[in-house]
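Take this structure, written in structure tokens, and hold onto it; I'll ask about it next.
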Amino acid sequence: MSLRATRAEIDIPNLYSNLAFFRGRLSPGVRLCLAVKGNAYGHGLVGLSLWAQPRVDTFAVATVDEAAALRSGGIHKPILLLSPHSREEIPRILALDLEPFVSHNDFLADYQHAAEKHGRSLRLHLKVDTGMNRAGVWYDEALPLARQIANGKSLELFGLCTHFASAYASDMIARADTENQLRRFQAILRQLHREGISVPCVHAANSAATLHYPAAHFDMVRIGIGAYGYCDGTGELRPVLSLKTKIGLIKRVPSGAKVSYGGTWQAKRDSVLALLPIGYADGYSRQLSNRGQVWLDGALYPVVGRVCMDQTMIDVSDHPHPATLSEKDVQLIGPEPNAEFIAEQTGTISYEVLTSIGQRVPRIYLE
Ligand SMILES: *Cc1c(COP(=O)(O)O)cnc(C)c1O
């Protein structure tokens, strides 16, 4: 185990509590798929997934490489491949037993060929674009593609899915857009039903839609950010990740001292500063220079000067006992200050704050 002072602690009881919260919102039999793309939203792809495996039904990743890491790490449950893949990756998709999303018919022959080689059928999820205008076949053209897959030898039309663009927002326009997407999706389901094409796994909802649009649950929901504790104001979800380090040096500087690259912060009084062995290479954004706040002994202390690649300075002059701070634990992301707050400070969203946490930061799973 790494002994580096900087680490991301992953609180498994909080993960389980968030998953249970979502389960509690679902009708019996509705499957729960956990999105673990982007290094499990920064929580460690394989480590997090192994802890989650007993409590979820399916996993979702963006790339074949992510799926390969899951399989060799011991994940045996179904894995959805959300993002478009290349033709060359089809043999690996079969070998790893993945379920790709399909938005066009270019690869159907290749899928068939690969499936026959493996002596089994391949489960496909037809992705329908109901209005996000990103991945998926446009809803008007979904039916012919669905027929083609359903009739394809060694192919199984296992899933039908869509993705909402604005389920997280509660304003009237966003609600109307989401309901419009949902109506288009339901229309396709009715058409398939009329034609006698059955699809065992219909799914549409991400975390926000799962909470706000029960009519969008269907057979499975795809939860990401909510499982990690960052969706909506229910007040019941708990951040799972805490990015922490230990103070590496205490330094007294005189009034007027300029700190870090470019001297962008200048002490207005004789000050006590603390050096943190963490920087933007660990995912602590340089945009937090002179702006970030870190949690130490139950209070927030400001980042002073530029955040560097591996080191960051904070001002602890207001701490009651600065002399005692050497090697003290400091929290940079966690319940305090949380990823949403940091995202507001850096002009992004909690997803990006979490997925940016660097590969070199060890993830420690706490039971
Ligand atoms: C990432 C992703 C999800 C999960 O979304 P959250 O907002 O994190 O819950 C669901 N569906 C698709 C297609 C995704 O790419």
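Placement of Cβ uses the backbone N, Cα and C atoms for every residue, glycine included.
According to TrEMBL, the record shows the following:
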type	residues	note
ACT_SITE	Lys37	active site, proton acceptor
MOD_RES	Lys37	N6-(pyridoxal phosphate)lysine
BINDING	Arg134, Met309	substrate binding site
DOMAIN	240-366	domain 'Alanine racemase C-terminal'
ACT_SITE	Tyr261	active site, proton acceptor
If you draw a 10 Å sphere around the Cβ of Tyr261 (active site, proton acceptor), how many other Cβ atoms fall inside it, taking every protein chain shown into account?
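Result for Tyr261 (active site, proton acceptor): 12 other Cβ atoms within 10 Å.
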Looking only at Cβ atoms, how many others are within 10 Å of the one on Met309 (substrate binding site)?
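The answer is 12 other Cβ atoms.
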Helix, strand, coil: count each for the residues of the domain 'Alanine racemase C-terminal' (240-366), based on DSSP.
26 helix, 44 strand, 57 coil
When you rank Arg134, Tyr261, Met309 by Cα distance to Lys37 (active site, proton acceptor), which of the recorded positions ends up on top as the closest?
Arg134
Quick one: pull the CA-CA distance for Arg134 (substrate binding site) versus Tyr261 (active site, proton acceptor), whole Å only.
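Pair distance, Cα basis, whole Å: 41 Å.
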Any idea what the Cα distance is from Met309 (substrate binding site) over to Tyr261 (active site, proton acceptor), rounded to a whole Å?
11
Kindly assign Arg134 (substrate binding site) to one of the three DSSP-derived states: helix, strand or coil.
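Coil, per DSSP.
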